[in-house]
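See below for the structure under consideration.
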Amino acid sequence: MARKGVAPDRATFSTLVDAWCAAGKLREAQAFLDDMAERGFRPPVRGRDLLVDGLVRAGRLEEAKAFALRMTKEGVLPDVNTFNSLAEALCNAGDVEFVVALLSDASSRGLCPDISTYKVMIPAVAKAGRIDEAFRLFYAALEDGHRPFPSLYAAIIKALCKAGRFADAFAFFADMKSKGHPPNRPVYVMLVKMCVRGGRFVHAANYLVEMSEAGFAPRAQTFNAVVGGLRHCGKHDLAQRMERLEMSLNGN
């Protein structure tokens, strides 16, 4: 292809670089890209991004981390898609701290996160218990003009509940609604479950009612968990109200 003067496309570059990376031959992959550049064939994205992408796809995350860190320190930023794929892989592997540090460093050098960055980062950071960092990223997304998904709210609400910060969780949930971001079924179900686990059965019952009024009929197991908790803490009248609500939703 190169001998005939035909420029390789992104898929060709990517396939070849992926093969080198899968074999752990980072130097050969870099040499290949350099050789193609000398011949006048430029990859459709920067060669270093292809290397990071290839290492991620090959599951060689430690090498991808080292290479991305080196890029950033040298002032050569990965593009946002490359950063997102690396961030997702590392967060799934539990390496959240590295990703937070890399994002901070890269952002200070000019990387502009997109909504996909926040969709990866906020749930991962919240799950790791870094609630303040999750809030910082959440409000950064708003400042960047992104409309937050219910799942982004849910990740922080769940983290707050797990930390025992129910008052903050309830306030953030109320803020979600007041800002015009209506909760969906998964958000309601998650919040009710977290209330039950935290012994906040009256709040769980209130959210069941709210959920029903929003058009999301709770499942029987959700009702059973709330009713059982209410009975256990002596709230028998409220438990009976929940049972009547369930019957009315079932058409009985």
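A Cβ is built for glycine as well, from the same backbone N, Cα and C atoms used for every other residue.
Per TrEMBL, the features are as follows:
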- 9-43: repeat 'PPR' (REPEAT)
- 79-113: repeat 'PPR' (REPEAT)
- 114-148: repeat 'PPR' (REPEAT)
- 149-183: repeat 'PPR' (REPEAT)
- 184-218: repeat 'PPR' (REPEAT)
Other parts of the chain folded back onto the repeat 'PPR' (114-148), taken as Cβ under 8 Å at six or more residues beyond its ends: 80-81, 83-84, 87-88, 91, 96-97, 99-100, 103, 155-156, 158-160, 162-163, 165, 181
For the repeat 'PPR' (184-218), the number of residues DSSP places in helix, strand and coil: 26 helix, 0 strand, 9 coil
